[in-house]
Amino acid sequence: MKRSMKGGVYLEESKVESTIEDLPVPQRLVIPLKQHKGPPCKSLLKKGKGVKIGDEIGKSEDEFSAPIYATVSGKVAGLPKRFPDIRGGIAPAVEIESDGKEEWSISSSPQEPLQQSPEALMKAIQQMGLVDFGIDAIPLSAKLGLAQSKHVSAVIINGVDLEPGVAVRYKLVTEKKQELINGIKLIKKILNVNTAYLAIEVKNTTAQEQLPGLVSGVAELAVLDSKFPQGLDIFLVKAIMGKEAPSPNGVPEDVGVCVLGADTVIALWDALKDMKPVIDQVITVYGAVNKPKNLRVRIGTPLKDVLSHCGVNGNIAKVIVGGPMMGLAQYSLEIPVTKEITAIYVQRQSDLATISDQKCINCGWCVKVCPMGLLPNVIASFCQVDMFEEAESYNLSYCIECGCCAYVCPAKIPLVHWIKYGKSQIKREEQ
């Protein structure tokens, strides 16, 4: 039986079905020292210094920061202090010229992670710089630490890709089955829980055929409706366990559940098995490209190199990291792939959404699809005329900016734009 959510929309999509392939390592990589929720790491290098794969190049004592490692061997070509990041901000970075030798600073030392104590595993997770992959990129040690402090009783492994067309988890759950199962066992041990669910979407028929027997006794398979934004943590918890995290700032751990991406769990096992840090990221490249692909890309690879490999179809109007609904448009193709990026979506001019300054026609479609049960038209109208207190009285801060309202709006009103504007202005006034 497939499980679903209230609200949301069914989106036309075509999954990129290609097997995950390795992108050749470029000559030049730029590795940002902020690839996590917390503050940037401090560089440990000097220009001209030689590095090998696995060398620690950035460090921070903040619990919401994760150490950064060299993903290629070569020489430090630059240490830009104000390199653009995916959110339009700036962060320090390390530029490395590859020597093509692919030398590691550490030799592989096969471990038996399942034989180690939860304390030893948590220490290794922090040391390896692991994060829960995605835009937020919360350090895995911080997320698991919160789950431990909240004494969660269950874990959900999210094998559902949030954005339409993205196929990272869709492919990984079948291409890396044993690593996934071992990773789930690790998480259960660290959190001392017996209950685990593996969420997959109903369209993933391959996973439904291959996984039931393999995960039996480790996790219960939960098949989810292919509805957007079903892949968000809060909606998985509601659909699978019937629990609802408190809004606006609640997290699944508040109701006794820890949710982790399947890609994160697989990376966890790979890192702890060999005690080597994660150096690459699996992403989907799709949209206006000649060859949509699922790629394993070295962290620090500029977007332009990824797009060159896939071939751009026509003149690019917009490049989005993350996907068309909740992704972030980029102004520079020099920005590199990081732990925060799971997809690159390319649009031509003809693909761009149209917007209008037309007045709301009160059709109610936005209200019907809002997964948070809000009145997007009312909230956006208040934000548009700077009536932020009134917008907040209609729970502006509860909005998750999923874009469902703007997607269905027949008047083409940029509802999410105005809601984001309202939030940013309130935040500015509070500072």
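The backbone N, Cα and C atoms fix where each Cβ goes, and this holds for glycine too.
Over in TrEMBL, the protein carries these features:
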BINDING   CYS360, CYS363, CYS366, CYS409  [4Fe-4S] cluster 1 binding site
BINDING   CYS370, CYS399, CYS402, CYS405  [4Fe-4S] cluster 2 binding site
DOMAIN    351-381  domain '4Fe-4S ferredoxin-type'
DOMAIN    390-419  domain '4Fe-4S ferredoxin-type'
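Neighbour density for CYS366 ([4Fe-4S] cluster 1 binding site): within 10 A of its CB lie 25 other CB atoms from the protein chains shown. Looking only at the binding-site residues CYS399, CYS402, CYS405, the one with its C-alpha closest to CYS363 ([4Fe-4S] cluster 1 binding site) is CYS405. Within the same chain, residues 5-9, 229, 235, 247, 287-288, 317-318, 391, 394-396, 398-400, 402, 404-415, 417-419, 422 sit at least 6 positions outside the domain '4Fe-4S ferredoxin-type' (351-381) and bring their C-beta atoms closer than 8 Å to a C-beta of that stretch. Among residues of the same chain six or more beyond the domain '4Fe-4S ferredoxin-type' (390-419), those with a C-beta under 8 A of the stretch's C-beta atoms are 7-9, 11, 228-229, 232, 234, 247-248, 325-326, 353-356, 358-361, 363, 365-366, 368-372, 374-384, 426. Across the binding-site residues listed here (CYS360, CYS363, CYS399, CYS402, CYS405), the residue whose Cβ sits among the most other Cβ atoms within 10 Å is CYS405.
Between the C-alpha atoms of CYS366 ([4Fe-4S] cluster 1 binding site) and CYS405 ([4Fe-4S] cluster 2 binding site), the distance comes to 4 Å. Those same-chain residues not listed among CYS360, CYS363, CYS366, CYS409 yet with C-beta within 8 angstroms of the centroid of the [4Fe-4S] cluster 1 site C-beta atoms are ILE361, ASN362, GLY364, TRP365, PRO376, ASN377, CYS405, VAL408, PRO410, ALA411, ILE413, LEU415. Across the range of the domain '4Fe-4S ferredoxin-type' (351-381), the DSSP-based residue counts are 12 helix, 0 strand, 19 coil.
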